[in-house]
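As structure tokens, the structure follows; a few thoughts come after it.
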Amino acid sequence: MKYPKQIRTYCPFCKKHTIHKVERVKKRPRSELSAGQRRFRRILKGYGGFPRPKPEGREKPVKKLDLRFRCTECGKAHTRGRGFRVKKFELVEG
């Protein structure tokens, strides 16, 4: 899917329509020092199996896109609706 690099859309911070730069956000590495991760490591210690049941069903073949729209006037970024699934994604001029 080809998507424009710049798009004119509503900015909830400026409260008007402005030009936005489209950014694709990549997944960052999990923080090992977060409270949830520390709790999980504590549960994994010692004897016994994995503390959670195996997930039911299968994993989806494609992850959902995370697009951020950054306003050129105020510089703040926001999302627009939920992400959508697409195999190939490309940002193009226009």
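Glycine too: its Cβ is placed from the backbone N, Cα and C atoms.
What Swiss-Prot lists as zinc finger is 11-74. If you look up Swiss-Prot, you'll see Cys11, Cys14, Cys71, Cys74 marked as Zn(2+) binding site, on the strength of sequence analysis.
Within 8 A of the CB centroid of the Zn(2+) site residues Cys11, Cys14, Cys71, Cys74, the other residues of that chain are Pro12, Phe13, Lys16, Thr18, His20, Thr72, Glu73, Gly75, Lys76.
With a cut-off of 8 Å between CB atoms and residues at least 6 apart in sequence, the same chain places Cys11, Phe13, Cys14 near Cys74 (Zn(2+) binding site), listed in sequence order.
Across the zinc finger (11-74), DSSP classifies residues as 10 helix, 16 strand, 38 coil. Within the model, the zinc finger (11-74) carries an average pLDDT of 93. Close to Cys71 (Zn(2+) binding site) in the fold, though at least 6 residues off in sequence, lie Cys11, Phe13, Cys14, Thr18, Ile19, His20, Ala77, His78, each with a CB less than 8 Å from its CB.
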